Amino acid sequence: MTLTQFGGLFVVYLISLVFILTLTYQEFRRVRFNFNIFFSLLYLLTFYFGFPLTCLLVFQFDVEVVPVDALLHALLASTCFYGIYYVSYKTRLRKPSMQPKAPVFTMNRVETNFTWLLLASVAVVTVGLFFMQNGFLLFKLQSYSQIFSSQVSGVALKRFFYFFIPAMLVVYFLKPTQLRWLFFLISTVAFGILTYVVVGGTRANIIIAFALFLFIGIVRGWITLWMLVTAGAIGIVGMFWLALKRYSLDVSGAEAFYTFLYLTRDTFSPWENFALLLNNYDKIDFQGLAPIIRDFYVFIPSWLWPGRPDAVLNSANYFTWEVLDNHSGLAISPTLIGSLVVMGGVLFIPVGAIVVGLIIKWFDWIYELGKQETNRYKAAILQAFCFGAIFNMIVLAREGVDSFVSRVVFFCIIFGLCLVIAKLLYWLFESAGLIRMYLTGNRVVSQKCPLQCEERKWS
């Protein structure tokens with residue numbers, strides 16, 4: 001990359017960055033937080049944060065990068081995608097109705113407590129089962145890629161670890177005080193560190209817990225935007241340190257700075273992967289919607305499907321194995337836009353932008369229902385569901401549409417099952433006479449009025 005080429009790229013990058021930041025800041029001033037703001041920040045992190053890191057690697061360490069044409073196309077495609085997404089998100093699909101609608105479901109105190117206990121139990125039990133089968137993998141494996149090898153059993157259990165976070169979100173939203181906010185951080189980060197040691201280097205739970213803590217603080221006004229930026233910088237350094245431990249790297253001096261640049265870029269902003277995919281566009285045999293279907297394979301146990309393929313050809317694996325002919329054992333993320341290109345070429349980019357806009361709009365709709373809900377138990381469930389799905393949005397931006405669809409469906413099923421089981425448990429305990437109502441003014445308050453009713457758990 002010459003200085004002239006860098007100058008041209010920088011102009012495009014700066015225009016794109018100002019465009020997205022302006023729209024995001026306007027939204028922030030209007031509502032302070034919604035999932036459009038979160039997705040926009042996540043999008044900036046994924047597709048734009050890595051550009052200065054790439055430039056430092058090129059000019060400071062003479063690193064070979066993707067051809068400039070591909071980098072330019074990646075920046076232009078990313079900006080066009082966001083523009084279409086924003087229009088799709090802002091388009092009103094129906095007129096707002098002032099007529100109250102019948103609630104789909106209601107919640108009471110006991111049902112809500114059962115729900116978060118079930119969610120937490122799912123996470124704790126599966127971590128225990130994984131540990132019993134494998135021990136502390138962080139101290140047993142020689143390299144991170146061994147996590148995906150046949151010597152590690154019960155890999156599917158890792159999908160359940162995340163449910164500890166929505167469980168703690170329910171606890172917080174039941175009584176959103178600063179004390180519970182801090183408890184959320186301590187409990188989820190501690191659990192994330194446990195999973196990091198048990199699994200052997202998976203940092204997702206720690207990152208998500210810290211990010212949720214920050215965004216809840218922004219929503220409540222407990223931290224400022226500058227505090228968020230400072231905490232983000234601390235988080236980046238923390239993730240770099242964990243990456244060094246994960247890959248067993250011992251670096252210092254200029255080598256440490258070089259390692260910091262490329263690990264931070266690959267962790268937070270794999271935008272060069274998208275450029276690399278565009279550079280190999282002629283090698284892509286468009287997969288259609290098959291990667292979405294294939295990504296569900298990992299949720300099907302082998303005893304139920306004896307002939308299940310060991311290697312799932314989703315968009316990330318297709319990009320790694322078929323396009324790049326890379327069989328190192330680690331999948332290279334194609335990013336959100338890259339997964340669309342794998343499925344249907346550049347024509348899928350505007351279609352995907354429209355669909356993503358509608359998805360984020362749906363999450364914001366549920367979030368608003370939770371904020372406006374007068375039943376605080378139902379409000380806690382709705383808001384915990386939305387904030388709990390933030391991990392899936394990170395997967396959407398970083399990994400792609402296929403990974404997002406399978407994970408969000410899985411998340412909804414497990415969350416919904418815990419909700420249904422909690423209601424069944426409440427019905428069983430109530431039928432057995434183990435739950436009774438409080439008395440208010442010489443009369444029993446009806447269970448159907450959850451705002452005025454408090455259930456005592458054990459009689």
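The backbone N, Cα and C atoms fix where each Cβ goes, and this holds for glycine too.
Values in this document were obtained by computation on a predicted structure and should not be read as measured data.
Copied from Swiss-Prot, the annotated features are:
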- 3-23: transmembrane segment (TRANSMEM)
- 37-57: transmembrane segment (TRANSMEM)
- 65-85: transmembrane segment (TRANSMEM)
- 119-139: transmembrane segment (TRANSMEM)
- 154-174: transmembrane segment (TRANSMEM)
- 181-201: transmembrane segment (TRANSMEM)
- 206-226: transmembrane segment (TRANSMEM)
- 227-247: transmembrane segment (TRANSMEM)
- 340-360: transmembrane segment (TRANSMEM)
- 377-397: transmembrane segment (TRANSMEM)
- 409-429: transmembrane segment (TRANSMEM)
Contact between the transmembrane segment (206-226) and the transmembrane segment (377-397) (3 or more Cβ pairs under 8 Å, separation 6+): yes
Same-chain residue ranges lying at least 6 outside the transmembrane segment (37-57) that approach it to Cβ under 8 Å: 1, 6, 9-10, 13, 16-17, 20-21, 23-24, 27-28, 31, 63, 65, 71, 74-75, 78, 82, 215, 258, 261-262, 264-265, 268-272, 274, 335-337, 356, 360, 390, 393-394, 397-398
Closest-packing stretch to the transmembrane segment (377-397), where packing means Cβ pairs under 8 Å, from 119-139, 154-174, 340-360: 154-174
Positions whose Cβ lies under 8 angstroms from the transmembrane segment (65-85), at least six residues beyond its ends: 1, 5, 8-9, 12-13, 15-16, 19-20, 40, 43, 47-48, 51, 54, 57-58, 271-272, 274-276, 278-279, 336-337, 346, 349-350, 352-354, 356-357, 360
Close approaches to the transmembrane segment (227-247) from elsewhere in its chain (Cβ under 8 angstroms; 6 or more beyond its ends): 138, 143-144, 196, 200-201, 203, 206-207, 210-211, 214, 217-218, 259-260, 263-264, 267-268
